[in-house]
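Visitor: In case it's useful when we look at the structure, here is the feature table from Swiss-Prot:
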| type | residues | note |
| --- | --- | --- |
| BINDING | Gly65, Pro66, Glu67, Ser68, Ser69, Gly70, Lys71, Thr72 | ATP binding site |
Amino acid sequence: MKDDKEKALSAALAQIERQFGKGSIMKLGDNTTMDVETISTGSLGLDIALGAGGLPMGRVVEIYGPESSGKTTLTLEVIAEAQRNGKVCAFIDAEHALDPVYAEKLGVNIDELLISQPDTGEQALEIVDMLTRSGAIDVIVVDSVAALTPKAEIEGDMGDSHMGLQARMLSQAMRKLTGNLKKSNTMLIFINQIRMKIGVMFGSPETTTGGNALKFYASVRLDIRRIGAVKNGDEIVGNETRVKVVKNKIAPPFKQAEFQILYGEGINNLGELIELGVKHEFVEKAGAWYSCNGERIGQGKANAAKYLDEHPEMAKDVDTKLRDMFLSKTVVAEDKSEVKEKEKA
C-alpha cells in the first residue's frame, strides 16, 4: 500500500514539474535556497537586530517613520551596499524628491542607478512589475507609498472622494508582485509615511498609508525614529536614530538598534563599530583612549573612528568578529550527491 502511494506521488510530482517547470514543487529539506541572501543596511547594529545580517533578497520590505527620520537615507545606504556587491538597483521616485548630490555622498553610484519618476501610482507599480519580471534588477526602492496616487484621483477634481482607491491598487499589486519577486530574487523596499487615526482612545493612534495589504505581504517592517541630535559643540551635525524591527519573517522580531545619521555623510558606521567593539571587548577603552589588538587607535571616539577610516583592514577585522559572534548563518542544504561524496571521504 505504501509503495502504491509513493508511486502515485512520484507520478504526480513528475506531472507537476513537466507542466509548471522544474522546482515548482519539492520537499522542504531538498530546497537549496533555505539560507536567505541578504544585503547590509549600512548599520552593523541594525544588521544584527535583523538577525540575518541585513535585509532579505526576494522579499518585500517596508520602512516607515515620521518626516526627516532617515527613511530615504537608510534605503540609499542599502543601494550603495548592493552596488558595492555588483548588484543592479532602481529607485522609483514617486515623491520627485531624490537629491542626487546627497545620494552620491552616501556612496551611491548615480551613473549606474536606474531612476523613474512616474505620473501615477499604477504606472509606478507597473514599472516595478516589469523590472522584476526582467530578472535583471536586484533592489527596487519605492519612495513613497503615500505618493502613489491612483490615476482616477489625479484625473478627478480636487474635492472628489476616492475612498479606498490606493489600498485597492496596492493590494492588487502585492498579489501580482510577490511571486515574481521570489522567482527573480529581487528585494522590493517600500518607504511609507505615518498618519494618525482619529478618535483612538487606547493603543497607538499611528498607522501607515496604503491600507493593510503591505503590512501582510512585507517580510520585514522597520519603524525608524529620530530620538535626539548629534552635536559638535553647539552645532547640530546629525540625528540620533532608533530603528525597531516591527515584523520579521526571517528571524525573531521586536529587536532594535540605535545609530547616528550624520548630515551629508549618512550612517556613522565606524562610531557604531567602536561602541559595539567596546561593549563586547573587541576594542579596549581606558579613560578616553581606545585600543584594538594592543594598539592605541585614538583619544576620544571621533579620533578612534578616524583611525579606523584610515585603516580599513582593522575596521573589517572588528566587523567580522562582531558578525561571527551574533549572526549564526543557516547552512545551505547541499546537493545530495556532494553530501554522499563527503561521507565517503
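Even glycines carry a Cβ here, placed using N, Cα and C.
Just so it is clear, the model here is predicted, and its values are computed rather than measured.
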Visitor: Which has the fewest other Cβ atoms within 10 Å: Ser68, Ser69, Thr72, the binding-site residues listed?
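Guide: Each of the binding-site residues Ser68, Ser69, Thr72 was scored; lowest Cβ tally within 10 Å is Ser68.
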Visitor: Least buried of the binding-site residues Pro66, Gly70, going by other Cβ atoms within 10 Å?
Guide: Pro66
Visitor: Far apart in sequence but close in space: which same-chain residues, 6 or more away, have a Cβ under 8 Å from Lys71 (ATP binding site)?
Guide: Ile63, Tyr64, Gly65, Asp143, Ser144, Ile191, Ile224
Visitor: Which are the residues of the chain, Gly65, Pro66, Glu67, Ser68, Ser69, Gly70, Lys71, Thr72 excluded, whose CB is within 8 A of where the CB atoms of the ATP site average out, their centroid?
Guide: Ile224, Arg226
Visitor: Per 10 Å Cβ neighbour count, which of the binding-site residues Gly65, Glu67 ranks highest?
Guide: Gly65
Visitor: Tell me whether Thr72 (ATP binding site) sits in a helix, a strand or coil according to DSSP.
Guide: helix
